[in-house]
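Pulled from TrEMBL:
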REGION    29-101  region 'Disordered'
COMPBIAS  29-39  compositional bias 'Polar residues'
COMPBIAS  47-57  compositional bias 'Polar residues'
TRANSMEM  464-485  transmembrane segment
TRANSMEM  505-527  transmembrane segment
TRANSMEM  590-610  transmembrane segment
ACT_SITE  His602  active site
TRANSMEM  645-664  transmembrane segment
Amino acid sequence: MAARTPLSTVSSFEGASHLIGVLAADGTASLQPDSLNPNGGTGTPELYSQDSTVSSEESVHGELHGLVPEPVTESESAVLRGHHSQNSEDPDDDTDFKKHISQRRKSLTVRLEKTDQAGRYQLTAEDPELRDLLKQGFERSKDGGIKKKRSRFSDLVFTRQFTAFDRHNSESASSPFHGFFSLFWMGVSLLLIRISADNWRTYGSIFGGNEIVRLMLSRDIVVMGFTDGVMCASTVFCLFLQKMILHGYLTWNRSGWIVQNTWQLVFLVAYLAFPAYRNWPWTHSVFITLHCITMLMKQHSYAFYNGHLSELYKRRRILEQKLEALDDPEVMSPTNHSPSSDVAYVTSYLDTKDLDQLSRRRKSIPEKKMQEVDNDISSIADAIASDAPLDFAQVRSLRKLISFEIQSITEELKGKTSTTQNHYPRNLTLRDFYGYIPLPTVVYELEYPRQPSINWSYVAEKTIATFGVIGVMIVVSTAYIYPVVAHVVHQKEDGMPLKDRLKEIPWVFSDLLFPFFMEYILSWYVIWECVLNVLAELTLFADRGFYSDWWNSSSWDQFARDWNRPVHNFLLRHVYHSSIATFNLSRSSATLLTFLLSACVHELVMAVIFQKVRGYLLMAQMSQLPLVVLSRTRFLKGRDILGNMMFWFGLFVGPSLLCTLYILL
């Protein structure tokens, strides 16, 4: 065989799009570029590609080391050698020899087709899996650098942790600012006493007019609870869809994701339309809308992650079949032995045009170890470039390459499981699905960190805190927000012209400023500190990182990351990273898309509350993008105190201003 030279550039493979097998008079066969018909043939079939990543440098290092060819024994070499009889000069022997080669090649899905020229055959590749596998294994950049493929799913890690205001958090308990937390709740208690006294003096009851409570309990409270239960139960459609994909009735990359997105659209429209049809009050409608959006994110994460795993699972099965084909006795036990020629594996299943991209799987590998692999990879690439057959050692390396790919896919199908065997497709069960639905996360994983038992005193503590904070919110809303909003609504119903309503904006804004800011803070606390911790404790969910220290934010992008960690993780994996991997968007374009989607969802909630679409909140959220850019300029970069003051000013003014605009205009 020709001397092996290292593969220095990919451009040398671009010349020959079709290979021709030439059969010489002595019975030997070789591969040559089809210069007589450069544009002929059926063309290059589209490669099957699938994203996959290697978990660590050590695993890549070890698996690639297995690609180094093992020594070939005499018996193994003899198995691959077929010879003509030296005493025979019968031309019919050439036909037998060609038939033998054709039979040998069919295990690699390579077909010989006669051309118009005598003794010339067209090689047709029909094995996209092997073509794609070799493309991933052989492609190397000129300088040895490896480009990492963008993944559709960011590598999120769930760990054991507590929320910042949890009494089990040792860092918060020892914080020098912990006294301000106590001061806040003392102030809230004194405020409740004052409101109760005013209500007693005005209404003769500490609860005052109690309009909001009567509104909440006025109608369909049982129907709302039943609707919420049906909504949670109907999410099981995602599991049935994944089961159909697993058993081959659907394919995720073709029709599966279309069915899933169609279901998600129907799900959203149905549970938004039903409250409107029942003419529910805004309290009922907002609850169902927020829970519907939460269930929608959970379904999307479950379906798209398992859909991704289903494609890997299918790819592994195909590669296992290819590996079995390489071990076929028909291949390993040739007939028609002849001492004059070698029967070897041809390289026609790899189109030379496929050697124009960098490796998709390998990351940083030590230079010394990579050199050991380069020798064999270069020899195979040179064989492809020179139309030469693969020898037995190179075929063994091909088998190791397939085994390496199978092992890598198997590791990805395991996900981050370490304490259970909940690998794909074992996770496609009702137990796993309905165990995921109540978890305080909207990002699906095969396994989460768990705690050993439920602390029922902690559950009682957080449950009491939940209803207590909701009670405070109702009292504050009834005393300070409801009268202002009701007065504005009556003015509009009485036909107040727009000019006069514009004059009311400063007064309404100032009346709502402090109570709305307090409601904003309390609503965050009751959800991310109380409700989610109750769910986490009941489900033994150990990762309580529902938020970070957003109150120290010096920019709006930091606030977006730290205010709501579960939703941020969802947007990071399924919007930001997926848009980069799927649509090849730049980081700035992916950020814009993520902010736009988040703003649209928030505007949807405002439309449910106020029964009209104005876009004020959408515009307010999108205006955060130029503020983020401003925070990175020379004027604000490094000035955290100034940035934090600007952040708090926006958070203080924003909610009351938006409410004023929605109710007046």
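Including glycine, each Cβ sits where the backbone N, Cα and C put it.
Summarising the environment of the residue listed as 'active site', the number of other Cβ atoms within 10 Å of its Cβ, over all protein chains shown, is 15.
Of the candidate ranges 464-485, 505-527, 645-664, 645-664 contributes the most Cβ pairs within a distance under 8 Å of the transmembrane segment (590-610). Residues of the same chain lying 6 or more positions beyond the ends of the transmembrane segment (505-527) and with a Cβ under 8 Å from any Cβ of it are 165, 465-466, 469-470, 472-473, 476-477, 479-481, 484, 488, 563, 651-653, 655-657, 659-661, 663-664. Outside the transmembrane segment (464-485), and at least 6 residues removed from its termini, the chain residues within Cβ reach (under 8 Å) are 188, 191-192, 195-196, 198-199, 207-213, 508, 511-512, 514-516, 518-519, 522-523, 525-526, 529-531, 534, 659, 663.
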